[in-house]
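Undergrad: Feature list, courtesy of Swiss-Prot:
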DOMAIN    191-276  domain 'RCK C-terminal 1'
DOMAIN    279-361  domain 'RCK C-terminal 2'
TRANSMEM  4-24  transmembrane segment
TRANSMEM  28-48  transmembrane segment
TRANSMEM  65-85  transmembrane segment
TRANSMEM  95-115  transmembrane segment
TRANSMEM  158-178  transmembrane segment
TRANSMEM  371-391  transmembrane segment
TRANSMEM  393-413  transmembrane segment
TRANSMEM  431-448  transmembrane segment
TRANSMEM  464-484  transmembrane segment
TRANSMEM  493-513  transmembrane segment
TRANSMEM  533-553  transmembrane segment
């Protein structure tokens, strides 16, 4: 058997063994995709004992290609929500998550200096302790750029594997410990979270209001500032027994009922100006109007603002709200459409069908992947990561590297959505498939390279010390920030658990947090809020630590 055939066969075996290990769960908790790393270590140990020779060049290419696929698809997935997560609504959660990353970096730096841990080893421990595989790839990339010998770079994968198990268990232990310390009643926390969402959350809501302000009588909707802005959409108007879709030129009269869509605070302001909320239904049932959700798939409307499409004027159809990457938004006129946006339309059936034709609404296109934008994005990301930045006093030019360059480019492209007829939307199933393939390839090679010396390092070397260092890097930031968030910020426990899981980009921890109260979405919401920014920081941090430690010797 040729070296290439043998290498591919061994990688396939690693994937099978690793995925099997990852699917084994104890009380609902398993290693998940991280099991591939340990599958690689097991197979790598026996490959080394048998004296088999694998193609090192091929292993290197597969490892890098796997990292490229994984990081790029993560960036495309979280791109639409990344910049939104930096806004005020998620600012507090992101600040605490960033603090966890910073404290973890400081603990790593202190351990490196106190115990004189080799740079590749301490970076591997850091990456494993925070259960972040892209950080491992980014760290190995920067070490190679700094001229570190390959045998030293491979040690990073071994130390990563030592620290990884407690990285998963440590966050679960932290959640349990915080629950005990603060005597948390999970049911009460879930009720409080639901109450805060209902009363003050930045969710999109609807209300029906009666026009009671005499100053608004006989005014066109476009002449009422609060109805002509970008924060509230008036999608239906009922006068006596007639329900219709209002246009900007529609005249409102005293006693009219308006169906408004917006955030709670803005709707409250509308009540102060227009009139009181009423219980009267403005349902389209048994009327000539209907409400329908339509998906944007037509390349000709991508990048165009809603107001420039003139749906109200041409078709008498109102877009009441927009769902982008799972986030509900008010469909203001200045929003530019992206591929995959889901629009809530209100109008007559024939008019809605006409608008749907303009927007595309081709469900099958959501299952198709445009490969040209994928490779354009990967190429641009690699180029961005290769741009050197020379800083006086540093031993090597700073680069974002494969991981950093691809992540930033994918975040930007995911946020832009489309350029002309090129769109960077990727169906969730396709994104997940490429992401899983990439991480399996990457971890398989890392495990294989680490497996030869893993057992000896654990039994006769410093493996146990590495596990202890990793436990500190995992536990200290989580416990510190968890206590601060609960005591100072009075953060909801379920929200805090989601934030802690997101700060470690740890899906098993999110599964554990969700199971604390299966019907509450608090943990998932906070996890999604901090995940994009934290993923970016986790990939950048080992590169910054590597350059810093290298420069100060």
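Even glycines carry a Cβ here, placed using N, Cα and C.
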Undergrad: Which residues of the same chain, at least 6 past either end of the transmembrane segment (4-24), have a Cβ under 8 Å from a Cβ in it?
TA: 30-40, 42-44, 47, 52-55, 58-59, 62, 440-441, 443-445, 447-448
Undergrad: Six or more residues beyond either end and a Cβ under 8 Å away: which residues meet both conditions relative to the transmembrane segment (28-48)?
TA: 10, 13-22, 54, 131, 133, 157, 160-161, 164-165, 168, 172, 436, 439-440, 443-455, 507-508, 511-512, 515
Undergrad: Please average pLDDT over the domain 'RCK C-terminal 2' (279-361) for the predicted structure.
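TA: Here the mean pLDDT over the domain 'RCK C-terminal 2' (279-361) amounts to 86.
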Undergrad: Determine which recorded stretch among 95-115, 371-391, 431-448, 493-513 has the most C-beta pairs below 8 angstroms with the transmembrane segment (464-484).
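TA: Of the candidates 95-115, 371-391, 431-448, 493-513, 95-115 scores highest.
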Undergrad: Would you kindly list the residues that approach the transmembrane segment (371-391) from elsewhere in its chain, counting only those six or more residues past its ends and only Cβ-Cβ distances under 8 Å?
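TA: Same-chain contacts beyond the flanks: 68, 71-72, 75-76, 397-410, 413, 422-424, 426.
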Undergrad: Report the listed stretch (95-115, 158-178, 431-448, 493-513) having the maximum count of Cβ pairs within less than 8 Å of the transmembrane segment (533-553).
TA: 95-115
